[in-house]
């Protein structure tokens, strides 16, 4: 297990060669047994780093280990400092030459010059060196399947059908193959061979159009632990604009403001043929109002001159109303036969001089 000093190695200590595995090494005194720089250990998988990357907090991990940990939390596994959102697309590799060497067959390939690939979107990805060695060893021993731990997920490689899938999810399968090293490929273990030139320090950021494409690629690769991008693009959903419903015109006061329809015109014509007009009801309403006004009994208990004049006016009104319709005459006779509003019995002889029967005559 790595000690505390080995876990917190920085780039300066690696490049200068002053501290390796807790031992001081003088500068310029290269060891004949280890001509290259030692590979740091990953605090997550506790193994030698495969394609080591350096976070902004200067902690070093495997690229796939950082990718697997970022699905649970966008923070460093040691100091809990936030990791940039675009770090997986523009990682800071400690040795970019190692990535190119593994892609060209310099390391991670067997003596036969073959490498292992898994299917991606519009191309093939090469497995990392550690996984390639495990697959080559199982294939040389004639095994039918092999298990691989990639970014915290356990995968099963079916060497007979040449497919891989997660052990707890058999439905999602991806093709794999064993081929020569120098075939066209997209990259190694999710790391592209042609990285974005804007990823270098101090470069001008790319325009918004490039950022949208990068976000789409990141969403595609989130569906797999090994950096494949065969999943359906998980772009941000765009809301559909729904226009507001148009309210119907409000009828103020219950009267239609639109022109009369054909049904209204037909109704008016039918009423005209029957000699019925809405204006014919106005005299009847006026007579009813006059009757209500004259229905109040005199407080003095006897007829006055004003009462006699009222009777004369009512008689004249009755003569004028004789020219109205027969139905109105019957209605008028029914009003004349009503008892007086006083409630007392009225004599028929007393009502003979009063056309409406509402004005009583007191005998002395």
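Glycine too: its Cβ is placed from the backbone N, Cα and C atoms.
For 22-34, the entry in Swiss-Prot reads compositional bias 'Low complexity'.
Residues or ranges marked as zinc finger by Swiss-Prot on the basis of sequence analysis: 42-80. DSSP places the residues of the zinc finger (42-80) in helix, strand and coil in these numbers: 8 helix, 8 strand, 23 coil.
As annotated by Swiss-Prot, domain 'WWE' applies to 102-178, with the evidence given as sequence analysis.
Under the three-state DSSP scheme, residue 125 (glycoprotein binding site) falls in the strand class. Feature annotation from Swiss-Prot assigns glycoprotein binding site to 118, 121, 125, 155, 164, 174, 186.
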Averaged pLDDT score, the domain 'WWE' (102-178): 85
Structural state of residue 118 (glycoprotein binding site), classified by DSSP into three states: strand
For the domain 'WWE' (102-178), residues assigned helix / strand / coil by DSSP: 15 helix, 37 strand, 25 coil
Fewest Cβ neighbours within 10 Å, where candidates are the binding-site residues 118, 125, 155: 155
Cβ-Cβ neighbours of residue 164 (glycoprotein binding site) (radius 10 Å): 27
